[in-house]
Structure formats: structure tokens, C-alpha cells
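To start, the structure under review is shown below, and the notes come after it.
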Amino acid sequence: MLRISRCTVNPSMRAVFGVRCMSSAMAKATQGGVTSYWTQAEISEIYHTPLMELVHQAQLQHRRFHNPREVQLCTLLNIKTGGCSEDCGYCAQSSRYDTGVKAEKMVDIETVMAKARQARANGSTRFCMGAAWREMKGRKSAMKRIGEMVTRINDELGMETCVTLGMIDEAQARQLAAAGLTAYNHNIDTSREHYPNVITTRSFDDRLNTIKNVADAGIKVCTGGILGLGETEQDHVSFLHTLATMTPHPESLPINRLVPIKGTPVEATMATLVDQTRKLSFDAILRTIATARLIMPQSIVRLAAGRYTMKEPEQFLCFMAGCNAIFTGERMLTTMCSGWDEDKQMLEKWGMTPMAPAPAPPQQPVRQPVRRAPQPQPEAVVM
Ligand code: SF4
């Protein structure tokens, strides 16, 4: 049953103009301020709002918290490709799958700086660096070099920095914070329930633990997932619930659309899947983005891998639903990426401008640790 918040519109006017009153969950999202107290039922209610209304409300929410003209341009560089020991079922860089990606050594610092300069010259304000590793344990010299990269990109180019290096412990997170890292990316990937169908070599809770270490060190958390891994809409709700019950919400929330890679188990599964409810529709992407915007209104919602597979009107709808960041540049790890010129033209056409970089982080981290909010009881029906 749809729970309805207090509606002040005269019933006869509702009938004449087709005015719909908001569900209580939608009212909570749009009128109740930022909160980490969400039930899956509330998130499901928002997710299943009629699509026109959902996108409309998400756009209004977006305008309450962000400049709707601004979009953050980020560029991602793979600083260490392939040879990863993990078994993430979608990934071209896992050494367990025959995807044609060869293991390479870590890129040297001058190459990284040249790529960062190129990104900045093209309007990117955030530079992200990814390494195909399970974790940073035992990688002292790599940690040191990555710290140098972060510091130089901050100091010489004034860009925000983000790295994704696999699992890190508390000391490693503090080391990256001391180097001036803006954000650390560690995706939860999908729902807790669907997760074991995709990855077995590290648990969902391992991921949450790294996220906690990052936040405790005062680094902004970048975490999101991949849509199209054979999950259901309920998995989208559960995935969003994990993110929205973090305190604080992730600063950055990447939404990736699966790019199926030949040789990976997910590609094989999706190619033969008969259960239509597990095939990703564009509507489901839009619902996930709009719901994220409504329940995590301050987060930067980042349209990440797979954007190049979307037609321009589809991307436009993602922005209408609350996206305000894109990856742009030459590559998106091992997949293609829409280029700077193409993106600049598209955004200019829509009247959008690149977001300025955030101020440098404070010397002494002051951020509150990420913790899961206790869950409230379902609300009573309110008419
Ligand atoms: S997603 Fe990351 S951790 Fe998983 S296999 Fe690929 S590189 Fe390794």
C-alpha cells in the first residue's frame, strides 16, 4: 500500500489536474533534510515512484543542494594494469580470466604528471588513479610513490585527487591522508545479497571495512557500484540502502553501467541470461540515479564506466535525474570513455559548466567516521 503524506490539495482539484500527492518516503527525502535513517521499504517506495514524478522530484532535490549548471569533470588513469588476484566476475584485469589484458608494471611518476596536466588542460578538476591490486599490504614503496603522485598533483596542478588501490588498512589510509588525498574509491559494487554471485575473494564486509578506514583517516569516501551484473531491482534498493545508511553519506557515488568483457564470467552469464527481470533496462539506471539523488542529496553522483554506451538523450536524462559528475578523457581503465572534446560540446549545448575543484583538505582530519545508522521502524500510514 502506498503511504501518503499530508496532502493539502483539494480532492476535486487533484482529480481535475491529476495532482499526485507524495508518498511519505518521498516527503521525507524532499522535506526532511539529510538523513542516514532509511529503511529498505522507504527506499523501495521512492525507487518505484512513477518515473516522470521520480525524475522530477530528483531534479528539484538536485537544485536544492547543488548548482544545476555545474558538472564535475574527472579523468581516470590506470597506474597499474592487470594481473589482479581477485575474482571480480566483471573485471578485465583479474588474472583468473582470459580477457587479453596483460599485467603491467606501475606507471612512473612523470608519466602520471603528464597525464594529469593533460586532464587539467582539458578542464578536468579531479584526477583519479587506479591500480589492479587486491590490497596495499606489503606494498610500501608503491604507497610512497602514490603518495608523491598525490602531493604533486595537488601542489602543482591544484586538482582534486582520488585513488583506488584495493583494500587498505588504517595506517595506509592515514598515510594517503597525509599526502593530501581528496578521496579514496572503493565500490561496494552491488547489493549485499547479490555480491557473492559476483565476487568471492573478498567479502562485502571487507569492503565496508576499507571504507571505514578511509573515512576515519579524514579522506572523502567515493563508493558506488555497477548496474547490470544480473541483479534485480530489489538489489538496487538494497545497494542504495547500504550507501544511504552510511554516516556521513559518500561524498562521491559512482554509478557504472556494466561493459561486458569477453572472457569474464559475468559476460558469459549475461549473454545467456533468460530471466528478463535480471537484465538491466535504462529505466532502472534512471531510477537508481534519481533515488540516489533523493536519499543522498549532498553526494556527487558520478556517471562512470559505460557512459559511452549511452546515447546523448539517455545521458541527458541521467543529468536530469541528478548526476553531476562524469569521467571524461582517453580511457576508463580498460574500457572506452567519451572524450573531452565530445563532452565539452555536449555540456555546452546543455548550458552546463565544469565544477571548480573543492578547497584543499585540512591538515588535521576532522571527519566523523563512517558508521551504519540504526534502522527505524516502518512508519505508520499517514493520510
Ligand atoms: S575490480 Fe579491482 S580488485 Fe576486482 S579483479 Fe578488477 S582490479 Fe582486481
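Heads up, the Cβ atoms here are built off N, Cα and C, so glycines get one too.
From the options 224-255, 352-383, the stretch TrEMBL describes as region 'Disordered' is 352-383.
With Cys128, Cys222, Arg302 listed by TrEMBL as binding [2Fe-2S] cluster, the candidate from Cys91, Cys162, Cys323 annotated for that site turns out to be Cys162. Annotation: Cys128 carries the greatest number of neighbouring Cβ atoms among the binding-site residues Cys84, Cys91, Cys128, Cys162 [cut-off 10 Å, Cβ to Cβ].
In the structure shown, across all protein chains, Cys222 is the one of the binding-site residues Cys88, Cys222, Arg302 with the greatest number of other Cβ atoms within 10 Å. The [4Fe-4S] cluster site is set by Cys84, Cys88, Cys91; from the centre of their CB atoms, other residues of the chain with a CB within 8 Å are Glu86, Asp87, Tyr90, Ala92, Gln93, Ser94, Ala132.
In sequence order, Cys74, Leu76, Arg126, Thr164, Ala183, Asn185, Ser252, Pro254 are the same-chain residues whose CB sits within 8 A of the CB centroid of Cys128, Cys162, Cys222, Arg302, the residues recorded for [2Fe-2S] cluster being left out. Looking at Cys88 ([4Fe-4S] cluster binding site) and Cys222 ([2Fe-2S] cluster binding site), their Cα atoms lie 19 Å from each other.
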